[in-house]
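Visitor: Pasting a structure below so you can have a look.
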């Protein structure tokens, strides 16, 4: 289990009743008019249509600012096509960033209902804890970890942009943060200040949209992995869950739990969760009874059979829900991932070239190295989650194998086989159905970026 998850595992008991699992991740999208605020349900019907018009205007304005800046930059590139290669590379990098942002925001604006549905799916369908058994796991760790990552990842790029933008504005040279052509005299009094403000807001929209989309994707995948942890715990505790449903001998369950507590904890059985002992403190048991009960061996009575059928049915339904969510996530993000991975690959190439060529200018070098690091992290936020979700999604069958399935299968053979067969199909996320989102794609993107970088270096050397 990663160290960050271990830190977030502190004090988990009775802390899993979380209503909105993506409140922080969805806030930037609400501000950009792509998701609904909670208070919208309380708006009077007479004002609702006006509010929706206002929300659409905000959403279109968020798209318009990067698009307008992109058009002006393309015109600048065309006008100065014979300029120094380093200067052109800097402009082209900005074109890639703004173009990718405009495309991503347009895609989300068109699919905002699908995005709203996906967020609602997590909040309404995701379990907060596993079924009752000897132990249980909760979604709290996943919630805390995604919260930590969201706060850092959304604020860090915004702080970098502000540092870079205000450094240009207050340098005393009356230069824009982004050098660009405008169809009017942009250096006039007050016009210059207004254009600087618009450029800074545009840059903030760009980095916030990128950071929010990446961190929302990562958060959704971690939440999905926490659901697989819950499912794993439910499958492992199948006997005990069935016995609880059947109102079986509770003191015997408490005795099993005491024996289990004396055993060493398994290592890495969960991705982001820690087992918590179910509270059987109110039950009485014989303190002198030190029997090692080993594997559970309840007499399969009609009531236990009913409880077991209910437990297996819930496991199957939970697994089907996770698979359904995987399809919805793939549907929304496959084109976004394709755009982002392609844009970041080209962006890495030009950023590396500019950083190497501008190493004499410390400020330019530092800014470009900043962007290289942020781009690499952003790229890994698509590759790593896809890899971990694919690996975690096939572990359910392993948990069932540990639930004394040989005794259960006499009565529920078809149910067990269906769950086992479904668990063999991993949840695979892709970029436009062309390439999988995994670690190999991260390596390929970096290798491709380096290839383009060497090409630019050779062109620059030939010009010199």
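Residue numbering: from 1, along the chain as shown.
From the backbone N, Cα and C atoms, a Cβ is placed for every residue, glycine too.
Features from TrEMBL:
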{"type": "TRANSMEM", "residues": "53-74", "note": "transmembrane segment"}
{"type": "TRANSMEM", "residues": "86-110", "note": "transmembrane segment"}
{"type": "TRANSMEM", "residues": "145-170", "note": "transmembrane segment"}
{"type": "TRANSMEM", "residues": "190-218", "note": "transmembrane segment"}
{"type": "TRANSMEM", "residues": "332-356", "note": "transmembrane segment"}
{"type": "TRANSMEM", "residues": "368-385", "note": "transmembrane segment"}
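What's the neighbourhood like for each of these?
Guide: Counting residues 6+ beyond its ends, the transmembrane segment (53-74) has Cβ neighbours under 8 Å at 32-34, 91, 94-95, 98-99, 101-102, 105-106, 109, 112, 178, 180-182, 198-199, 201-202, 205-206, 209 in the same chain.
Only residues 6 or more beyond the boundaries of the transmembrane segment (86-110), in the same chain, are considered here, and those with a CB under 8 A from a CB of the stretch are 29, 32-34, 59-60, 62-63, 66-67, 69-70, 73-74, 76-77, 80, 178-179, 202, 205-206, 209-210, 213, 335-336, 339-340, 343-344, 346-347, 350-351, 353-354, 357-358, 456, 460.
Counting residues 6+ beyond its ends, the transmembrane segment (145-170) has Cβ neighbours under 8 Å at 4-5, 8, 22, 24-25, 28, 176-177, 196, 199-200, 203-204, 206-208, 210-212, 214-215, 218-219, 222-223, 272, 363, 367, 370-371, 374, 377, 381 in the same chain.
Taking Cβ pairs closer than 8 Å, the transmembrane segment (190-218) reaches residues 22, 25-26, 28-29, 32, 62, 65-66, 69, 97-98, 100-101, 104-105, 108, 146, 149-150, 153-154, 156-158, 160-162, 164-166, 169, 174, 176-178, 180, 182, 184, 329, 333, 336-337, 340, 378, 381-382, 385 in its own chain, all 6 or more past its ends.
Residues 86, 89-90, 92-93, 96-97, 99-100, 103-104, 107-108, 111, 114-115, 118, 210, 213-214, 217, 364-365, 368-369, 371-372, 375-376, 378-379, 382, 429-435, 437, 441, 445-446, 448-450, 452-453, 456-457, 460 of the same chain lie 6 or more positions beyond the ends of the transmembrane segment (332-356) yet place their CB under 8 Å from a CB of it.
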